[in-house]
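Q: Have a look at this one before I ask anything.
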């Protein structure tokens, strides 16, 4: 019970971070209130929706118990109102501080959602299908962001740069192995923390994956 | 029986309007015949397909009884042929008249599809899950247009402007309440008409939702 | 058994060709390694995934037996490594030869996947729903490419030009009729070959579908 409560809290932190990332993309694209709400909420719960559809877990959990939808919705409303009341905030110093906090929240969300996705697969009886379990973990973590980017008309962030999705992939693989050899709680904590740490290190030190073609060097 | 016939007719009106909106987007993007057919038919039946997938109602109804697919297909063929035979029509006066009629048809379709979506959720036994029911109503109404816009590579219309999706949302919420307190037929008529009226008023008076950032004023 | 082996080989040829087409799009868009892997593998197995979701065949087959995922993944890795080690290859003569071979492989894949899609529908008991069966055949053939293009932010190739999807549509319709009147093996061979031949003839002679509006002639 205690565990569930703590896990619920970190999932909520992730929901707030994901919703706000979707809302900021929509605000920068000058979408209207509905656009901001749809993009924010989709980023927050879209990954879980795709996971449930692929698992045949329909209607997806988010519809049966819309607590995460409501949390995402409220986050978006607050953000929209703050920006609306104070346009300058988008170019102020506080936005930097805000983005730094949200970056940490987002990392926490990525860790929590990755673990949740795999747990959903295991509970549905697919624990032995490691590829499926890892895929669903990563999809739960990054799927909302992919839907956000497709709807916003930009190439999905995870395909373009940073180590973002890799943090989720590594955590997911580690989690499926830990589940076999260690207790559930231990596996959850280690794997989720691993995702958070890799994700934050990747942002801090600008880790990037290689590209096939090198940029031409600037002419001196 | 009489009710079903009338409802079938207004759904057909919606199918024609939705298919023609998809076909016009494809024609303006200079897609070829297949592109025009795919975008037209997807706009007409895509919302219902997404609804059925989320409900676990598979294969989606449109595949088991493709009467709406055929209606959408024929609409697209007629439109394609007319434009092909008379290129000037796209810049003529008649296109204005055509767009005015299609705007009304589209409003009728939005009302009918919103109600249909909720009815599908209720019949599948999810009448008590209000959020799910409302979501599926709106998805049935606007989902085809969202798929159209994603495939055409433009930010979905409903996220950008006008009160379009809000008409469907308001009608859907009203319908779920009316279903509890009033008879089915009464609820259908009132809710669908509400969607149509809001949708037409919104177009007529250019209702828009607020944006977070105001456009900079033009320099005088 | 013998049949299955041969069919498995031509499906593998298709998987390699589809994965490499996705990887090339990603490389040209300068996506990073993860982007190249995701786009390559999605192109290879995305059509079958969409087919299984629409059929209610969940989790989709690709997750339960990821042999095609692995084949696509290895293809992408090889391609990425070759381009990375030799940047000039993208502008060399060998790329022309490579594209010619891949074009043939791609045609073989389109034929094989179209037939596979219909077989899946028939085995799920929907053989009598011809529209569904044909749709699922074509979706298996072209769906991966559509997902690739949506994720890469470009209007799906099949909507823009060439006769690409039509080869699959014609083969799918012929196959559903042959299944009724002829033996399974005969139907498979004739239909798949028909797709390959139409697809190659279409590329060779630049067959295009008509568009609604003609391009304005260049001013002389």
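Any Cβ shown, glycine's included, is placed from N, Cα and C.
Feature list, courtesy of TrEMBL:
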type     : residues  : note
DOMAIN   : A:9-82    : domain 'Glycine transporter'
DOMAIN   : A:104-178 : domain 'Glycine transporter'
TRANSMEM : A:6-26    : transmembrane segment
TRANSMEM : A:33-50   : transmembrane segment
TRANSMEM : A:62-83   : transmembrane segment
TRANSMEM : A:104-126 : transmembrane segment
TRANSMEM : A:132-151 : transmembrane segment
TRANSMEM : A:163-180 : transmembrane segment
TRANSMEM : A:186-207 : transmembrane segment
Q: Of the stretches A:6-26, A:104-126, A:132-151, A:163-180, A:186-207, which racks up the most C-beta pairs under 8 Å with the transmembrane segment (A:33-50)?
A: A:132-151
Q: So, by DSSP, how many helix, strand and coil residues make up the domain 'Glycine transporter' (A:9-82)?
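A: Per-class counts: 63 helix, 1 strand, 10 coil.
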Q: Give the residue counts of the domain 'Glycine transporter' (A:104-178) per reduced DSSP state, in the order helix, strand, coil.
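A: The counts are 64 helix, 0 strand, 11 coil.
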Q: Restricting to the domain 'Glycine transporter' (A:9-82), what is the model's mean pLDDT?
A: 94
Q: Are the transmembrane segment (A:132-151) and the transmembrane segment (A:104-126) near each other by the rule of at least 3 C-beta pairs under 8 angstroms (pairs 6 or more apart)?
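A: Contact confirmed: at least 3 Cβ pairs fall under 8 Å.
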